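> A single structure is presented below for examination.
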């Protein structure tokens, strides 16, 4: 079965950069770009039509619908991998991993993996652990400080300069996060005894997660991927809180360092701050504090131009 997207030129460029290592010749004069992996064939026509074919065509299509923010016209639910624990077992001793910063133009990407030991259950329950998005920043700062002093964890931070460098090299944000999650999980496993179940808040289909890691020497492959995992398992909620705590500390430092009041999220007020920075300091300065491939940047450029 084939899965088709209609792309503009900017979107087409992203496709060609992403699959350039798999590019092959194609004699069809209407084909702009052709690539083939072991599980999917990618055909991009001069018209902007993009066709995925092969065993993983649907998963590849789903990934690009998300990355390019295109309306999905062929939705299909992804099957969930069964856990050893039930959904009712919130305080299940396991390693959880989650990330923060993907929805924020300013600030880094932060990934945390954390282990919830059985002997810490009562203490963790007393903290009132829940999804970090349901907690105020003040509460995050308090619980985060408690957690980092009580359980094994690993926090990895992808700063803006490195993020923007990787984007220029052809990385997408999900590939970056796959690297960070894998390394954080491995770091935690080195700190504990045994091999507890590892649960990750799913951000890409499982097979793509592992494909992103194909050139990594050490890959932990026994990971359970679940959407909204932080709502079902305390270990993932803990990872989410610690990641948010680390993000907030980094965000405070960036605001102080930049001399601007940086805002979280990606709303209109963020665009206004971006435009102010571009006007006063230029885009070179901004790249140390913002993710330069987000759509907000282009809107801010236009705002800065119109104010000249």
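Every residue gets a Cβ built from N, Cα and C, even glycine.
Residues annotated as domain 'RNase H type-2' in TrEMBL: 92-306. Per TrEMBL, the feature divalent metal cation binding site maps to 98, 99, 201.
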> Note the Cβ centroid of 98, 99, 201, the recorded divalent metal cation site, then list each other residue of that chain whose Cβ lies within 8 Å of it, in sequence.
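The surrounding set, listed in chain order, is 97, 100, 111, 112, 181, 200, 203, 229, 230, 236, 239, 240, 243.
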> What same-chain residues, at least 6 away in sequence, bring their CB to under 8 Å of the CB of residue 201 (divalent metal cation binding site)?
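In sequence order, 96, 97, 98, 99, 226, 227, 228, 229, 230, 236, 240 meet the Cβ cut-off.
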> Comparing the binding-site residues 98, 99, which residue's C-beta has the most other C-beta atoms within 10 angstroms in this structure?
98
> With H, G and I counted as helix, E and B as strand and the rest as coil, say where DSSP puts residue 201 (divalent metal cation binding site).
strand
> Determine the mean pLDDT over the domain 'RNase H type-2' (92-306), rounding to the nearest whole number.
93
